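The feature phosphoserine is assigned by Swiss-Prot to S13, with a large-scale study or a structure entry given as support. According to Swiss-Prot, the topological domain 'Extracellular' annotation covers 77-855, on the basis of sequence analysis. Annotated disulfide bond per Swiss-Prot: C214-C244, C340-C366, C397-C410, C459-C477, C496-C514, C508-C523, C525-C537, C567-C579, C574-C593, C587-C602, C776-C790, C801-C830 (among others), in sequence order. The domain 'CUB 1' feature in Swiss-Prot is assigned to 214-331; the stated evidence is sequence analysis. Positions annotated as domain 'LDL-receptor class A 4' by Swiss-Prot, on the basis of sequence analysis: 565-604. Sequence annotations record features per position, and here Swiss-Prot assigns domain 'Peptidase S1' to 615-854 based on sequence analysis. Swiss-Prot lists H656, D711, S805 with the feature active site, charge relay system, giving similarity to another entry as the kind of evidence.
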Amino acid sequence: MGSNRGRKAGGGSQDFGAGLKYNSRLENMNGFEEGVEFLPANNAKKVEKRGPRRWVVLVAVLFSFLLLSLMAGLLVWHFHYRNVRVQKVFNGHLRITNEIFLDAYENSTSTEFISLASQVKEALKLLYNEVPVLGPYHKKSAVTAFSEGSVIAYYWSEFSIPPHLAEEVDRAMAVERVVTLPPRARALKSFVLTSVVAFPIDPRMLQRTQDNSCSFALHAHGAAVTRFTTPGFPNSPYPAHARCQWVLRGDADSVLSLTFRSFDVAPCDEHGSDLVTVYDSLSPMEPHAVVRLCGTFSPSYNLTFLSSQNVFLVTLITNTDRRHPGFEATFFQLPKMSSCGGFLSDTQGTFSSPYYPGHYPPNINCTWNIKVPNNRNVKVRFKLFYLVDPNVPVGSCTKDYVEINGEKYCGERSQFVVSSNSSKITVHFHSDHSYTDTGFLAEYLSYDSNDPCPGMFMCKTGRCIRKELRCDGWADCPDYSDERYCRCNATHQFTCKNQFCKPLFWVCDSVNDCGDGSDEEGCSCPAGSFKCSNGKCLPQSQKCNGKDNCGDGSDEASCDSVNVVSCTKYTYRCQNGLCLSKGNPECDGKTDCSDGSDEKNCDCGLRSFTKQARVVGGTNADEGEWPWQVSLHALGQGHLCGASLISPDWLVSAAHCFQDDKNFKYSDYTMWTAFLGLLDQSKRSASGVQELKLKRIITHPSFNDFTFDYDIALLELEKSVEYSTVVRPICLPDATHVFPAGKAIWVTGWGHTKEGGTGALILQKGEIRVINQTTCEDLMPQQITPRMMCVGFLSGGVDSCQGDSGGPLSSAEKDGRMFQAGVVSWGEGCAQRNKPGVYTRLPVVRDWIKEHTGV
């Protein structure tokens, strides 16, 4: 007992005095007390040291100290840093060409799997021993899976190496090898190994890779569809700080089609978001990653992926504690394509990337040889083109691409045409081992080389447009070639410095229509000046300086800086009565008011889905893309007007929708039904759609049914809505909110897709722009009031039509929130040139809305 206590005490507190060369304590030696006595000298001057000798001694002592320090440092380096090792882990795969795949290899606990895995590990060890920079530092390897072809082994290898050899090891492992290993041990038969490749991974992933607590293996059977989900889906969130994986297999000579039906994980951010990755392999190697996913996708988003062989690996790595349901996915097998491409010999036709509109598979090459009659030329028009790789700079076609006439095309491109000067053209499509996309949809056409666009104008891209669109001031060709080298009509056109022709009423409208700014030069205010809303010109330096230099406050509106200024109709007023110089400060994610009132009541304007589907031909909206859009149905008449949700109990619409006529009492709230969360008018009973009756209708008391001034109405719902992924409110702007000319805004509704056409079944969307108020008044004199705003394209083509009345104008503001800029009111015709749509301006009636709804 005493001995143990002595060792314990010694371990915690040592007698450091025993280790000192000199000790101030007196020691008992041989039983006697010893000391040191200094005797006085007979002649002090003789024994006194001379000055110069002292310096020699000091230098010697200093030199000795430095030498000892250097030796100590070298010893520390030798015994500590020289022995430091860096952990390197590599994921890889190899092919065993003289083996046949057995079904038992799918089960990692089977005798056959264990036996073959042991031999592969021994083969890897022998292989590394052949490389001087690898063999001495190889710690261990492990086989994680096998798949067909003859037999592909997936493995990881761990090395412990000196830091100065790290790069050499990386280079050695990056070499793809083809080797034959003779039997050097009893347990190792002769292996012919090809395609021995490996890629570095984060060593921290090794522990997660070895954890099988959230690992699943699934095999497709026949044509059946197999479903799998994250743990707990959809009733509880997936586990935090975990790694889950799904090994998906199909039969030999098949490929897999994988679709995520529902996808909701933590948002993508820079803080290490949760991540789902799909690999065209059974090893999580970056060069074989097909896609990485995070965030929330709408159900209609294209999340279908094809493998190049009969396996997929899906991993979920969670780094956050945020609670999300995860995903639901399905997969099935289909026969592997024996060839891709082909010979096309009709006068016209279509072709696409493999499995379009699903993502094309990795590692594929397709060639289409197109031949039309000898007396005709051929051109290819790509109607849709998505070949985007997240790791490739725009314009660099080094991975996935389409090649025609020696030129490569990649990325995301709008419709374009490639022509041949003969009756033949060859289109080649290539995808590498990683990251795939939707691909392309194309058509080929034959044409007369002497007249490629009969009776029409041909853009340099090969597109044909009507001749009257040439030099009309609007770019109808994607490359603007229809507006170049024009002679402008001085009566109604302005000649830009870049030789473009623009309508005269676009001059000095505060929008750079020419592109070079020449249509805004020489206007009422000189260069370097600011034009106040009252027409006064000020030096640019006086804008946003905290002083009302204009006299109407407009020089202090829309400022990035935040200053407390005198209150005007242009300044934002906080709840405490103070006014800010900053423009549109409400709900922008930054607290500007000292009382925080600018960031209150901001549960609005955000979509539940962070990822929306691409517009693939047409203007159909996506599910949940406009969750504040409402469809109003009149009894026995179906959809008549639109509306927007601004709170659980209130809608905003247009007053003219509720004016009685001799046949129907539209002002009677009992005649109306509101559908929220609706996308397709033919599926009003679909899951997520809420059908509600109205409680009352409030039209603006100043509404004029002749001029449509003050065209706005408030609708109270009979009961509160339930917010969901497809039902959310839009933000209402402050009375001082500014939607400047040129700003992009979205119009939505089920109205007619063209003038005189029928209503759409699927919710439609169109991007339009705010038009300068002066220009608007010039286009429609004596018709526009301060409560109205013009929005659209003066070139026509996109507009709201009958049936969209009462629907919202949605404007994306700071922080990504959507604010309602206006209400669809009226217009002359539908999508006509110089006839933009007219909308009720929301900020002007904001106080009236708040008075009646409290919103």
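Cβ coordinates are placed from backbone N, Cα and C, and glycine is handled just like the others.
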Between the disulfide-bonded residues C496, C508, C514, C567, C587, where is the Cβ count within 10 Å the lowest?
C567
In three-state terms from DSSP, label C776 (disulfide bond) for me.
helix
Same-chain residues at least 6 apart in sequence whose Cβ lies under 8 Å from C410 (disulfide bond):
L387, V388, D389, V392, G395, S396, C397, K399, D400, Y401, V402
Same-chain residues at least 6 apart in sequence whose Cβ lies under 8 Å from C244 (disulfide bond):
C214, S215, F216, T230, P231, Y238, T315, L316, T318
Spatially, and counting Cα to Cα, which of the active-site residues is closest to C574 (disulfide bond)? Options: H656, D711, S805.
D711
When the Cα-Cα distance from C593 (disulfide bond) is computed for each of the disulfide-bonded residues C340, C459, C790, which gives the smallest value?
C790
Quick check for the class: what is the C-alpha distance, in angstrom and rounded, between C508 (disulfide bond) and H656 (active site, charge relay system)?
34
Out of H656, D711, S805, which of these active-site residues is nearest C523 (disulfide bond) by C-alpha distance?
D711
Within a 10 Å radius of its Cβ, which of these disulfide-bonded residues (C397, C525, C537, C579, C790) has the fewest neighbouring Cβ atoms?
C537
Candidate disulfide-bonded residues C340, C477, C587, C602, C776, pick with smallest Cα gap to C537 (disulfide bond):
C776
Closest of C366, C459, C496, C776, S805 to C567 (disulfide bond), Cα positions, recorded positions only:
C776
Where H656 (active site, charge relay system) falls in three-state DSSP terms:
helix
